[in-house]
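One structure is given below, encoded as structure tokens.
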Amino acid sequence: MSMVVQQEQEVVFDAAVLSGQTEIPSQFIWPAEESPGSVAVEELEVALIDVGAGAERSSVVRQVGEACERHGFFLVVNHGIEAALLEEAHRCMDAFFTLPLGEKQRAQRRAGESCGYASSFTGRFASKLPWKETLSFRYSSAGDEEGEEGVGEYLVRKLGAEHGRRLGEVYSRYCHEMSRLSLELMEVLGESLGIVGDRRHYFRRFFQRNDSIMRLNYYPACQRPLDTLGTGPHCDPTSLTILHQDHVGGLEVWAEGRWRAIRPRPGALVVNVGDTFMALSNARYRSCLHRAVVNSTAPRRSLAFFLCPEMDTVVRPPEELVDDHHPRVYPDFTWRALLDFTQRHYRADMRTLQAFSDWLNHHRHLQPTIYS
């Protein structure tokens, strides 16, 4: 088993070998101005919000609104996700990422697609590669009723019954629960933006039929952690992210002009706003730049659920959020168009939504019948 295989200028990331190497391939070394360096990172003060049945609704709405106005990140507890399911989801993640590289590559992600196994971003980019492996798959809330391939069927098809069946059972339940929680949070977000009364269910209904993404992240230990990143600085292009971290820290958020850490808290889920919801809120709430760092002693794992609308649903803010003082900031678009942009044309960063809007306006000008 070799550390790096060079085939047509493409690097293969083998975590089982690379994690013990004192030198790392140059493709994983980030520029000094972007790498973590040796500066100590302080912890970010993040709201810890009880969203349980007994929580006072007005307090939850207020805390969520304040968090989104500050930096877009908050923690939720008493969220209704059973601890046993979270633990089993992490066990299944361990089972997958400890498979031999060849077994994991049975689910290899194809160019231009958002689902499958990815060992770093090899094949997509040639520099500033992230120090991680991922397994991503689609979750459709309407999958069962429309006969679409579900999470379980996808994982069995890609990994075979031996490895895929148990993962499929666990992550089908996990995604269902994440979708449920996402819809509850969407209703809270709407209320915090002033969408109340008969319209308070607006965002819940918008995402009721969602076409979301589930991602398992594995960040191996690295003997040069100050020179690389587990995930580079970016804003999520999706609508809402719900993250469960293991006990190893690594998530950092750009807030108050510097990088700040969000430490893991047992039982808590990390929630943040993405670019698509930023557009839906007419930029009242903004997606926040964040990254993941690695360390030299312990691997880090996380489970990320990315709430997304159905592919061809038009993303535009509700009428309550557009007025003379708040004119439209972004053009109408579909999630399919934004997803395709990030997979084929643009590497997600802090400017993704603006770059996409500029690209969309340019192409609509050139070919209005196609992009209108």
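Glycine residues also receive a Cβ, built from the backbone N, Cα and C atoms like all the rest.
As annotated by Swiss-Prot, domain 'Fe2OG dioxygenase' applies to 209-309, with the evidence given as sequence analysis. Residues or ranges marked as Fe cation binding site by Swiss-Prot on the basis of sequence analysis: His234, Asp236, His290. Residues or ranges marked as active site by Swiss-Prot on the basis of sequence analysis: Arg300.
Distribution of Swiss-Prot features across the structure.
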residue	record	DSSP class
His234	Fe cation binding site	strand
His290	Fe cation binding site	strand
Arg300	active site	strand
Spatial separation of the residue listed as 'active site' from His290 (Fe cation binding site) - C-alpha basis, Å: 16
For the domain 'Fe2OG dioxygenase' (209-309), residues assigned helix / strand / coil by DSSP: 6 helix, 46 strand, 49 coil
Long-range Cβ environment of His234 (Fe cation binding site), under 8 Å and at least 6 residues apart: Leu289, His290, Arg291, Ala348, Asp349, Met350, Thr352
Local confidence of the prediction over the domain 'Fe2OG dioxygenase' (209-309), expressed as mean pLDDT: 96
Spatial neighbours of Arg300 (active site) that are distant in sequence (at least 6 apart) but have CB under 8 A: Asn217, Tyr218, Tyr219, Gly230, Gln245, Asp246, Val248, Gly249, Gly250, Ala292, Val294
His234, Asp236, His290 excluded, remaining Cβ within 8 Å of their centroid (Fe cation): Thr231, Pro233, Cys235, Thr241, Asn272, Gly274, Ser287, Cys288, Leu289, Arg291, Ala348
Asp236 (Fe cation binding site) CB neighbourhood, other CB atoms within 10 A: 24
His290 (Fe cation binding site) CB neighbourhood, other CB atoms within 10 A: 26
